[in-house]
Amino acid sequence: MSIINRYLFKEIALSFAATLLVLTLIIVGNTFVRLLADASTGNLPTDLVGSLLGYGSLKQLIRLIPVALLIGMMLAFSRLYRDSEMSALRAAGVAPRHFYRAIFSFVLPLTLVLALLVIFASPWLESNTAKLRSEISERPEAAGIPPGEFVSSGSAERNYTALAETIDASRTVMERFFIRVQSGSSEVLIWAKSAVLFIDSGSGERVLQISDGYRYESNPAQGGMTVIRFGEHSIRIPLKNSGEMDSLAAMPTLELWQQTDNESQAEFQWRIAIILSAPLLALLAFPLSYTAPRQGRYSKIAVAILIYAVYASVLGTMRGMIARGDFPPLLGLWWIHLLVLGLALWLLRKYYGKPA
């Protein structure tokens, strides 16, 4: 690698790393605030905030790599234009193809890493997030029943008021449990030694299984109360926050590739789009960063962000259309990448006279 290539490689790598770090900190901060808000309202157990933050941050990091590469390269080349280094290099006979050698000596290994993350790590992260969400739905906190507090839920037709005096160390068993169920004019009071939440595998509903307790049921029409002692009693309660995950997002990429339905094809092409976007945006960044002598360093950054926003938006829209069957999977998302490639080549010819 020549001295010029090493210099350009270093500039691109440092700008990319700094941009990725800043974007990651912003995303992690926003994710952390959202998870804390869920935990404060009882929708999320506090001991799982860290795990969900880790999985969520890694998923976002994978998606940030292409845009961080675009912005990082724009910053690197804009600095070269500002300091007249680009003019000096071009005057010395350094052609666009020499710049692209340096660019792709960094971008191609990065794209390989991104491909491994998208193909293998992303489904694994989605699968583990889904498992955590499933675990959350079986915890008392998911039903809005923190220990030592009266909580109410339901509707005007059927209202629940519950209290769990304590929750055991496993965070699954509620001890000394009380619940009041009011439906119309009838009222049911239940006290039990313990209660456990679980998901009915058949219906997918959440069930509250109460053990070793008493059921007191009033009936105003008959003017009395019925008392029943039971060993086990089950109540189906509404799911406050199911947290269901997209099963396709957690499907291994090889298995997804073998599927023929529209939704699977849309998910598969979306993963490939994330990988392809890195070299395409790198190809675009060099001619897009061209700056006239009196233009500011950041004059093209806004344009780059706008182009990326349109690119990502069109990809997302077409992904949804393919999944719904409104657009043929054969054309899929490929034509969008061709448009970006065409834009990069057009800008290259416009500013440098010939393709790299």
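Each residue, glycine too, has its Cβ placed from N, Cα and C.
Automated prediction, rather than curation, is the source of TrEMBL annotations.
Look at TrEMBL and you will find 12-37, 61-81, 102-125, 268-289, 301-322, 328-348 tagged as transmembrane segment.
Sequence-distant contacts of the transmembrane segment (301-322), counting only residues of its own chain at least 6 positions beyond either end whose CB sits under 8 Å from a CB of the stretch, comprise 66-67, 70-71, 74-75, 78, 262, 265-267, 269-270, 273, 277, 281, 284-285, 288-289, 328-329, 332-333, 336, 340, 343. The highest tally of CB pairs under 8 A with the transmembrane segment (12-37), across 61-81, 102-125, 268-289, 328-348, is held by 61-81.
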